[in-house]
Amino acid sequence: MLCCTYKMFLNIDMNLQKTLANKVKCSGIGVHSGILVNMLICPAEANHGIVFVRSDLRENNKIPALFDRVIDTSMCTKIANEYGASVSTIEHLMSALWGSGIDNAIIYVDGAEVPVMDGSSDCFINLIKQSGIVSQSEQRKFIEISKSVKIEMNDKSIVAEPDDSFSVNFIIDFDNQYIQAQSYNFNANDDFESEIGKARTFGFIKDVEYLKSIGLAKGASLDNAIAIGEDGILNKEGLRYKNEFVRHKILDCIGDLYLAGARIKGKIKAVKSGHQLNNLLLHKIFETKSASISSAA
Ligand SMILES: [Zn+2]
């Protein structure tokens, strides 16, 4: 019911910028740090964009959610400002903001990592629904892809092509019998919450010890990730979708690409892409002037 109301709302004034109606908060551990973080998502004025604020730091604590602030893409997307203040694992929240139609928000975190919650965007989408969404007076801006741009690395690639709307076509191919090859297509008009938003992150049990030894995945558990062992999926509840893995890769891709600073209008085709390629694509789009700013949906 909420979902239908929301879609109708979006259809009415898709061209106007939006922010949250109220502040909303949540607490949870970081999947890599294992540390409890409190997060407050607040409304922001038109043309503000998405900005993180490290509330545990006294000064120089603002970090704009933009692609050229990305400093690490090894296991998650991490951004930092020129003073070294950083926040990591922002991609699931960025994806929820895109999926909920939020253009402007200030996100206070009292630690260096966004809470992982259940490993998807679901909790963040529900928080934003709880808050309500308001239209602002300014026109929404779009990053309109004007010519094809491609990033390739070994057998991985990601392409942005001109198109009238935003879509992501994603292919994965894991040498693992519980994932194998999966492909999925998401269009901007599809329902983000039910198609993509609930898909959880995933990892292999065989990698966990190594990741922990290099200081990653300290907070990872069956409550916030799909765990794949030698005999299959370890989570008792199983998968939320048959192809939850590729849907989650689309979730990550949308969150990473929202660091463009506005919604992209174009067709994205990704093969085995990840945070690094997603970010390189944005760099190349802007460096080769392959997009223009428009204000028409
Ligand atoms: Zn992810």
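Indices start at 1 and increase along the chain as displayed.
Just so you know, glycine gets a Cβ as well, placed from its N, Cα and C.
No curator has checked TrEMBL annotations; they are predicted automatically.
Listed in TrEMBL:
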- HIS275: active site, proton donor (ACT_SITE)
- HIS92, HIS248, ASP252: Zn(2+) binding site (BINDING)
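In this structure, the binding-site residues HIS92, HIS248 were compared by how many other Cβ atoms lie within 10 Å of their Cβ, and the smallest count belongs to HIS248.
Of all the Cβ atoms in the protein chains shown, 25 others lie within 10 Å of the Cβ of ASP252 (Zn(2+) binding site). Note: the Zn(2+) site is recorded as HIS92, HIS248, ASP252; in the same chain, GLU91, SER95, GLY119, SER120, SER121, ALA199, ARG200, THR201, LYS249, ILE250, LEU251, GLY255 also have Cβ atoms within 8 Å of that site's Cβ centroid. Annotation for HIS275 (active site, proton donor): spatial neighbours THR73, SER74, MET75, CYS76, THR77, GLU91, ASP252, ASP256, criterion Cβ-Cβ under 8 Å with sequence separation of six or more. DSSP assigns HIS92 (Zn(2+) binding site) to a helix in the three-state reduction.
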